[in-house]
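Enquirer: Just dropping this structure here.
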Amino acid sequence: MNYTSINDIDNLSQWVKDALKIKKKPLKNKKLGKNKTLGMLFFNPSLRTRLSTQKAALNLGMNVMVMNFTNEGWTLEFEDGAIMNKGASEHIKEAAAVISQYCDIIAIRAFAGLADKEKDNAETVLTGFQKYATVPIVNMEGCTGHPLQSLADAITMEEHKTKHRQKVVLTWAPHPRALPQAVANSFVEMMQLQTEMDFVITHPEGYELNPEITKDSKIEYDQNKAFENADFIYAKNWSNYKEYGQITNSDPNWTVSAEKMKLTNNAKFMHCLPVRRNMIVTDEVIDSENSIVIEQANNRTYSAQLVLQKILKNVK
Ligand code: CP
């Protein structure tokens, strides 16, 4: 079993229930991972993913090895048949096979480069490891998805939902740097699995996500209208998907403010973090009692622990 996409979840509500059980007794399966090793490979920086996934593995009694390819590993070649006379020193064929000798599960973070849409959509790093590793693969944020984050988001919403049918809004917000679409994509895919929630995506015109991901999810270009009666506001920046990787809008009117939150049904505020304060969201909102960003980050441990637990139960 791999966990590379939200589509690897066979029953979201059951997974959320299972994760909440783990949260109550995180050390219950302390022996499950004994003598098993998680290898965590980072091609990009991380705070939450690195620490929460490591904590999840430790809760299961696993050993953990972390390697930063940004400055520690050999530069890898991913093209089959490449004449390796440029910068790359090692082919993914050997690297993935060798890492599989040391690890029982390999978790990978490899962001979109945002220069070449086709290359990013091909998920070169993740698919290279899936092809040549001989052990299960976990996606710790690839070019197009962040399924550990979205599972944590689903857990967090389950904990904070009120009794009536919930309205959830994914809102784009401005950011000074071009960011990938991965978090937004997985959030959309996770929301499409929710059966008792109304979901709206709001962003400036032109900032549509990949239509193959949004499918028939509702899009509302008027942010104020989208916020009306919302129960959850999930803020995230992403760079332009059509004009790939470009920042074509930085309108501060899209920042989530206390005034905008007043349009909602006393909504909870969510963000995956790290967040740029007073760009994505004002201090007033993120510091308010309706902000559940820290609980979201806490739930990253139980999202990762559920995934590792499911994989370990399949590992021979
Ligand atoms: N939300 C998230 O993935 O955080 P990090 O980039 O710090 O891991």
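Glycine residues also receive a Cβ, built from the backbone N, Cα and C atoms like all the rest.
Heads up, TrEMBL stuff is auto-annotated, nobody curated it.
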Enquirer: According to TrEMBL, Glu141, His175, Lys236 bind N(2)-succinyl-L-ornithine; which one of Arg165, Arg276 is listed for that same site?
Expert: Arg276
Enquirer: Suppose we screen the binding-site residues Trp74, Leu148, His175, Lys236 by Cβ distance to ligand 1 with a cut-off under 6 Å; which survive, in sequence order?
Expert: none
Enquirer: Counting distance between Cα atoms, which of the binding-site residues Glu141, His175, Arg276 is nearest Arg300 (carbamoyl phosphate binding site)?
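Expert: So, of the listed binding-site residues, the one sitting closest to Arg300 (carbamoyl phosphate binding site) is Glu141.
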Enquirer: Sorry to bug you, but what's the C-alpha spacing from Leu148 (carbamoyl phosphate binding site) to Arg276 (N(2)-succinyl-L-ornithine binding site), rounded to the closest Å?
Expert: 21
Enquirer: Just counting, how many other CB atoms are there within 10 A of the CB of His175 (N(2)-succinyl-L-ornithine binding site)?
Expert: 18
